[in-house]
Amino acid sequence: GSIPCGESCVYIPCISSLLGCSCKSKVCYKD
């Protein structure tokens, strides 16, 4: 599933990618 990480990635990458989040549709999600 895709859980929103509460972070957008329109201008900058997901800082929460350190926690396993990735950018999808301008919003960071965790798979």
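The backbone N, Cα and C atoms fix where each Cβ goes, glycine too.
Candidates considered were Cys9, Cys21; the recorded disulfide partner of Cys23 in Swiss-Prot is Cys9. For Cys5 (disulfide bond), other Cβ atoms within 10 Å of its Cβ number 20. The Cβ of Cys28 (disulfide bond) lies under 8 Å from the Cβ of Pro4, Cys5, Gly6, Glu7, Ser8, Cys9, Cys14, Ser16, Ser17, Cys21, Ser22, each of these being in the same chain and 6 or more residues away along the sequence. In the structure shown, across all protein chains, Cys21 is the one of the disulfide-bonded residues Cys9, Cys14, Cys21, Cys23 with the greatest number of other Cβ atoms within 10 Å.
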